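Record features, source TrEMBL:
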TRANSMEM  B:12-34  transmembrane segment
DOMAIN    B:14-468  domain 'Cytochrome oxidase subunit I profile'
TRANSMEM  B:54-76  transmembrane segment
TRANSMEM  B:96-116  transmembrane segment
TRANSMEM  B:128-146  transmembrane segment
TRANSMEM  B:153-173  transmembrane segment
TRANSMEM  B:199-222  transmembrane segment
TRANSMEM  B:234-257  transmembrane segment
TRANSMEM  B:263-289  transmembrane segment
TRANSMEM  B:301-318  transmembrane segment
TRANSMEM  B:338-362  transmembrane segment
TRANSMEM  B:374-396  transmembrane segment
TRANSMEM  B:433-451  transmembrane segment
Amino acid sequence: MGVYSKPVLFAVLSAAVILVGTVVTVFIPMLMPSTQPVSDYVKPYTAVELEGRDLYIREGCNNCHTQTVRPLRTEVLRYGEYSKPEEFAYDRPFLWGSRRTGPDLNRVGGKYPDSWHYKHMQSPQGMFEKSNMPPYGWLAEARLDTRYTRKKISILGYGYSPDEVSAQIEAYKAKVTDAAYESKQSRDEVTPEELRGELTEMDAIIAYMQKLGRDVKNLEAER
Amino acid sequence: MKESPYEYQVVRGFTFSALFWLIVGLIVGLWIAFEMFYPALNLTPWLSFGRLRVVHTNGLGLGFGLAGIFACSYYILQKLTRTPLVFPRLARAHLYLFNAIIVMAALTLMAGMNTTKEYAELEWPLDIAVVVMWVMFAVNVFATLIKRREKQLYVSLWYIIAMTVTIAVLYIVNNLEVPVNLFKSYSLYAGVNDANVEWWYGHNIVGFIFTIPILAMFYYFLPVSTGLPLFSHRLSIISFWSLIFAYLWTGAHHLMLSPVPEWIQTVAIAFSIFLIAPSWGSVVNGYYTLQGNWEQIRSNYLVKFFILGITFYGLQTFQGPTQGLRTLNSFFHFTDWVVGHVHMGTMGWVTLTISASFYYMIPKISNNQLHSIRIANVHFWLILVGQLIWTVTMWIGGIQQGAMWKATEPDGSLTYNFLDALASLYPYYKLRFAGGVVYFVGIVLFVWNIIMTIRTAKNQPLNANKEV
Amino acid sequence: MSSAAWSYFLFTFSLVVVFVCIIVYYYNPRRKKEIEAPKQRMLEDDEVMPDSKRKGGAHE
């Protein structure tokens, strides 16, 4: 009975059968630029934001937080403008998530001041008694590792020169360690004394939080 | 096992591995279930929910699930081809590499080395090890098939071939990444494409690990443990080809209302609905196999595992496509409903079928009788009840959560803030944990029963032909 | 109908045709005996040693 007594032919036929749907729904869209459009208003992550994003990945934040606002009335009311494909052009990997134990974060940038995030990361339960988010105080106790930042930026093709990467890191460090930093008090409360003059992992993940949805909000403000 | 020319040592090795990772994965599962309503349990970075959840999913999906599949595949392959494994040493190396990978997976995930792509979280060096391991398995599968002494390939072998081929394609395409260093890499794809590739993979890894090889077990172990021939071989042919064809189109039903192109979502919905047909083809085939012999569900303790298992498969493959419909998806997606859905498949269909397969297979390869049918029956009822408490709780919680997210006041403003909806779920999370404990006790009995069967084998007279 | 609708229709229709052809082929009564044979074969000789027929038994 033909193919049912020829295992190699059977395997080839199976491969062909599974590849039809794969080619049509995955490979062909990948070759169409319209699947992942690129727009000028969406800016790549800065060096510190990217390091923050990698910490978001390391801690598995995507297991509880989504980053896609769906075009539904109550969702737009709760989070803001729904997510557009061009916003994700620089996202490798994507971080849309699949489960909302915590709220969506795609529009969290600019929603709260840095001080809010420092306090909340340190003790979510201190801010919201009924929250079940793990506390992330340890992020403030670790110096941000920037040894690979230049290599990461070059792999991702964000187009910054090595000097620009260093300048971005120094600029952000200068911002959060400045005596006039508006969230200085909260930052000092969570950061051990010896790291207050350094960039910590907490600083970076908060920089990333503030980037999420910022370009869309800037575009809205311009209009 | 000098008595049999078949290679059973590796079957036993994978059985032990499956049982070990099952216990580990469930303990981690209980731990994170507790963290969901008692966040103080996030004691250290490596015990925090975000890192531990992937240890749970990988530990059970890849550790328990794959080990069970390898054990049963090596057994079924030899039986249905009437040929010993061609490369038994390679199979044993496969066993060691497999366990080394799972150990490294658990450690690296707890250390936060994680690509975030669901069910493909392992970093690139481990991805390479997984591919090597898969090739080792495939070499034995195809070598044994080519050398076989039985002309026709029975259904179970088609499913094993399809799994071997498809998992290789899925795993390699989704895990293409650019390394930064040994512990960190970036996906080759960006944004929408990365999402589309990931859920094509994510959905089909469920299909080709939690469906297709489990169907291979079902199609083999149900007839041999009842002595009843399969109802219809030709129905299984239709089911097989339409299942493996349609499965690959449906990944985007995980990305409903997302920025993924709308036509991909629509095509995914259509094929998801179509998938009910081949799935229920297998359900019908299972039920009708027992036609006229339903008294076996009482007299043969294994039948209820298989029949309840395939029933959950039928429910699962109906619930899944309905969740994919845009209207229902906009309500259920991102809620605990989906978590309940997944666990009906894994705790119901997959575990019931693997349990029964082990109960049949282990006494056979040990020349022994099962340690205790009574314990097996208690195991059955505990994991059934535990799973039902677990899943029904999550469905109710999911409906409540979805309703609270969508509730609006007459003036159009939102009724509840996000935290209201989360806090209302804590009673369900506690009940879910209780269901998990019941289930876990059942699994401990299962593991005990299998270990005792193997341990007492040496003391028993050899009576291989005696039916259980 | 738009061209997109037509292409969806033609694609679906051709899949239905393939599906029907497969069913008609395998459910042809002439092939029944041959197609259904493996389900009986897999129940036979479950514990027979595979070498016993050829080499006169592999028992030790």
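Any Cβ shown, glycine's included, is placed from N, Cα and C.
Computed from a predicted structure; not experimentally measured.
Touching of the transmembrane segment (B:338-362) and the transmembrane segment (B:96-116) is ruled out by the presence of fewer than three CB pairs under 8 A, sequence neighbours closer than 6 excluded. When Cβ distances are compared across the two stretches, the transmembrane segment (B:96-116) makes contact with the transmembrane segment (B:12-34), since 3 or more pairs at least 6 residues apart fall below 8 angstroms. For the transmembrane segment (B:54-76), the list of distant contacts is 7-8, 10-15, 17-18, 20-22, 24-26, 28-29, 32, 85, 91, 94-95, 98, 102, 105-106, 109-110, 114, 118-119, 121-122, 137, 140-141, 156-157, 160, 163, 205, 209-210, 213-214, 216-217, 220-221, 346, 350, 354, 357-358, 361, 365: same-chain residues at least six beyond its ends, Cβ to Cβ under 8 Å. Scored by C-beta pairs under 8 angstroms, the transmembrane segment (B:301-318) has its highest count with B:263-289, from the stretches B:128-146, B:263-289, B:374-396, B:433-451. Remote same-chain residues near the transmembrane segment (B:153-173) are listed as 69, 73, 76-77, 80-81, 120, 127, 130-131, 134-135, 137-138, 141-142, 145, 197, 200-201, 204-205, 208-209, 212-213, 215-217, 219-220, 230, 233, 236-237, 240, 244 (criterion: CB distance under 8 Å, separation of at least six residues from the stretch ends).
Stretch with the largest number of CB pairs closer than 8 A to the transmembrane segment (B:374-396), among B:128-146, B:199-222, B:433-451: B:433-451. If you take every residue in the domain 'Cytochrome oxidase subunit I profile' (B:14-468) and average the pLDDT, you get 95. Long-range contacts of the transmembrane segment (B:12-34) within its own chain (CB-CB distance under 8 A, at least 6 residues past either end) are made by residues 41, 47, 49, 52-53, 55-56, 59-60, 63-64, 67-68, 70-71, 74, 92, 95, 98-99, 102, 106, 354, 358, 361-362, 365-366, 429, 432-433, 436-437, 439-440, 443-444, 446-447, 450-451, 454.
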